[in-house]
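*Asks:* Attaching a single structure in structure tokens format; questions to follow.
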């Protein structure tokens with residue numbers, strides 16, 4: 001019975017009966033060489049589109065951003081739901097503490113993987129000033145929005161509340177909400193920029209410092225705008241509820257605030273470099289203590 005294979009296509013040692021394993025050997029597993037070539041071909045097929053692991057590493061970073069934003073939004077959904085279910089017993093300070101501690105957790109757990117942006121405003125600001133590749137910006141933003149939408153849905157389902165509860169709305173007028181969001185984001189990113197360029201001054205405590213800074217920003221912005229400072233945080237509930245009223249405030253103000261903060265800090269740092277021969281090297285990760293460069 002013919003097999004339909006031309007034996008001349010294979011090396012002689014592969015075609016000779018002495019070198020080919022018998023059916024008994026194949027069934028028992030004896031004298032059968034490992035199929036390293038086949039494994040190598042399979043590995044090349046799977047990883048062939050990931051030169052030097054670059055794209056695979058990008059996929060890890062994007063997934064980490066989605067998970068980080070999911071964690072952030074789920075915790076926010078939980079504290080807002082508790083505020084409603086407990087009839088206001090959990091107030092602004094509880095919200096600020098929850099968001100701040102959640103950021104600390106995200107920084108320490110996902111910072112070494114994706115730098116833990118979890119905020120399109122931070123991603124865009126870093127990209128504008130050359131500390132983050134533009135090719136990853138759309139992927140990061142999509143991941144952040146996806147994590148926000150999923151977390152809002154899960155939070156609403158778990159706690160039995162409407163997803164509209166998580167929507168950020170101006171509480172003191174449109175102009176006031178815009179400027180409060182702008183200034184709160186400015187403060188947050190200015191702090192992050194300072195830790196980025198002076199990571200040795202804080203070391204392992206940097207994650208806690210950022211969490212405290214975000215908590216403070218929420219306290220001063222919450223009564224006026226709801227303290228978003230994050231387009232993904234506001235867009236997730238808005239998309240799920242399909243309610244985009246005043247959403248432009250929560251997109252434009254944080255992005256502009258982040259860009260201006262990064263610009264001002266960079267300007268101050270450049271001026272300081274002119275008068276001093278020593279300057280700290282930048283580290284764009286929010287997990288400053290790890291000193292992991294992009």
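In case you wondered, yes, glycine gets a Cβ from its N, Cα and C as well.
Grabbed the feature section from TrEMBL, which reads as follows:
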- 1-34: region 'Disordered' (REGION)
- 61-80: transmembrane segment (TRANSMEM)
- 92-110: transmembrane segment (TRANSMEM)
- 139-159: transmembrane segment (TRANSMEM)
- 171-193: transmembrane segment (TRANSMEM)
- 205-227: transmembrane segment (TRANSMEM)
- 247-268: transmembrane segment (TRANSMEM)
*Asks:* When you check the transmembrane segment (205-227) against the transmembrane segment (61-80), do you get at least 3 Cβ pairs under 8 Å, counting only pairs 6 or more apart in sequence?
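*Replies:* The transmembrane segment (61-80) and the transmembrane segment (205-227): touching, no.
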*Asks:* The transmembrane segment (171-193) and the transmembrane segment (61-80): do they have three or more Cβ pairs under 8 Å, with pairs 6 or more apart in sequence?
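*Replies:* No, these stretches are not in contact.
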*Asks:* Please work out which recorded stretch in 92-110, 139-159, 247-268 has the most C-beta pairs separated by under 8 angstroms from the transmembrane segment (171-193)?
*Replies:* 247-268
